[in-house]
Amino acid sequence: VHLTPEEKNAVTTLWGKVNVDEVGGEALGRLLLVYPWTQRFFESFGDLSSPDAVMGNPKVKAHGKKVLGAFSDGLNHLDNLKGTFAQLSELHCDKLHVDPENFKLLGNVLVCVLAHHFGKEFTPQVQAAYQKVVAGVANALAHKYH
């Protein structure tokens, strides 16, 4: 992902304020609610029958935290996202058979959650930088599918 120095600074500055536990669970929960067909990949998570069940599900929260942990790692390797996400790409492609379009959906949901949490601090410029990053991460995760 090519970011200007200003974009990189905007992304890393805001990310330093992100509560990965909270935002990860919320982003994954929203993905499962807004795009309910994604729930089929999480059948082992138990009750996903209602918005309250999804958003309160400890397995959703734990996996969301794990997802954002990997995303954080990616932010430290923006110049090598394909290498950083190679193993996760292989896992999601070969073993889990996740449609790579879902990575784009989750990235867009994450941007919405960040906007919700940071309000005016999440300026259009910050959003543009994050859109570049989530697109790059989605592309890296989809790499093994090609």
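Any Cβ shown, glycine's included, is placed from N, Cα and C.
Pulled from Swiss-Prot, these are the features on record:
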| type | residues | note |
| --- | --- | --- |
| BINDING | His63, His92 | heme b binding site |
| DOMAIN | 2-146 | domain 'Globin' |
| MOD_RES | Val1 | N-acetylvaline |
| MOD_RES | Thr12 | phosphothreonine |
| MOD_RES | Ser44 | phosphoserine |
| MOD_RES | Lys59 | N6-acetyllysine |
| MOD_RES | Lys82 | N6-acetyllysine |
| MOD_RES | Cys93 | S-nitrosocysteine |
| MOD_RES | Lys144 | N6-acetyllysine |
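Note: the domain 'Globin' (2-146) comprises 119 helix, 0 strand, 26 coil (DSSP; helix = H, G, I, strand = E, B).
With respect to Cβ neighbours within 10 Å, the modified residues Val1, Cys93 differ, and Cys93 shows the lowest count. Long-range Cβ neighbours of Thr12 (phosphothreonine) (same chain, at least 6 residues apart, Cβ-Cβ under 8 Å): Leu75. Each residue contributes its Cα atom, and for Lys82 (N6-acetyllysine) and the residue listed as 'N-acetylvaline' those atoms are 10 Å apart. For Ser44 (phosphoserine), the Cβ neighbour count at a 10 Å cut-off comes to 6, with all displayed protein chains included.
Around the Cβ of His63 (heme b binding site), 17 further Cβ atoms fall within 10 Å across all displayed protein chains. Nearest Cα neighbour of His63 (heme b binding site) among the listed modified residues (Val1, Ser44, Cys93): Ser44. A coil conformation is recorded for Val1 (N-acetylvaline) in the three-state DSSP classification, outside any helix or strand. Spatial neighbours are here defined as Cα atoms within 10 angstroms of one another, and by that definition the neighbours of Ser44 (phosphoserine) among the modified residues Val1, Lys59, Cys93 are Lys59. Long-range Cβ proximity for Lys59 (N6-acetyllysine), meaning a same-chain Cβ under 8 A and a gap of 6 or more residues, is found for Phe42, Ser44, Phe45, Gly46. In this structure, the CA atom of Cys93 (S-nitrosocysteine) is 22 Å away from the CA atom of Val1 (N-acetylvaline). Per-residue pLDDT, averaged over the domain 'Globin' (2-146), rounds to 88.
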